[in-house]
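Annotated features in TrEMBL:
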| type | residues | note |
| --- | --- | --- |
| BINDING | Gly112, Ile132, Gly133, Asp134, Tyr135, Val136, Leu137 | S-adenosyl-L-methionine binding site |
| DOMAIN | 1-224 | domain 'tRNA methyltransferase TRMD/TRM10-type' |
Amino acid sequence: MRIDIITVLPELLQSPLNYSILKRAQDKKLVEIVVHNLRDYSLDKHRKVDDYPFGGEAGMVMQIEPVDRAITQLKSEREYDEVIFTTPDGEQFDQPMANQLSMAGNLIILCGHYKGIDYRIREHFITKEVSIGDYVLTGGELAAAIMCDAIVRLIPGAIGDEQSALSDSFQDNLLAPPVYTRPAEYKGWRVPDVLLSGHQRKIDEWKHEQSLERTRRLRPDLLK
Ligand code: 6GU
């Protein structure tokens, strides 16, 4: 899998994508994440990529030409499953969407910025518009990093323990059960006895009950 991210702030994406599981998945060649500076595709002598909106209003708008040049260049090199645009008015990103995108071959993510982007980009190049939640971020970079994290950890081999991604909260619409580690008792606070019992069937039952109880209490909407 390859993910190409087009942004005006490539620096902002460097560190979130280069640690932990995302780093290891790239080292293992499970995924290649390439960040492109949109300004490199500008024909303007000042590398300008935005301009004032037609019809007035405040704020700058991302221009179509550099975006067209960037996307056209990438598409000439390989096929892409989706050209994603990060925007607060997009479809809500969630675990099922992460699962689906983790099975893609190649993805382009265009990070939204400024007041918006020339709408013709959305009409002619973008195949999927995605938001990470109902709040407004300064730009789409952090949203793109979050999406990459959620997607890449689902690629088989990215996580050491294969079971681990399957037992995530949300993967089966239930919150994950509590986990504990040594010491079994700290300041008088004890780990639940069942977890120390060595009785695997009872442990699994307990985990499932805890998942159900936590989901009913904290996220009853997931059970509907
Ligand atoms: Cl994808 N972009 C921006 N700018 N704000 C957001 C968002 C995306 N998702 C939620 N808020």
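Any Cβ shown, glycine's included, is placed from N, Cα and C.
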Cβ neighbours of Leu137 (S-adenosyl-L-methionine binding site) where a neighbour is any other Cβ within 10 Å | 18
Which are the residues of the chain, Gly112, Ile132, Gly133, Asp134, Tyr135, Val136, Leu137 excluded, whose CB is within 8 A of where the CB atoms of the S-adenosyl-L-methionine site average out, their centroid?
-> Pro88, Ser131, Ala143
Could you work out which of the binding-site residues (Ile132, Val136) has its C-beta surrounded by the smallest number of other C-beta atoms within 10 A?
-> Val136
Quick one, of the binding-site residues Gly112, Gly133, which Cβ has the fewest other Cβ within 10 Å?
-> Gly133
Long-range Cβ environment of Asp134 (S-adenosyl-L-methionine binding site), under 8 Å and at least 6 residues apart = Pro88
What residues, ordered by sequence, lie under 8 A Cβ-to-Cβ from Tyr135 (S-adenosyl-L-methionine binding site) and sit at least six positions away in the same chain?
-> Pro88
Model confidence over the domain 'tRNA methyltransferase TRMD/TRM10-type' (1-224) (mean pLDDT, whole number) = 95
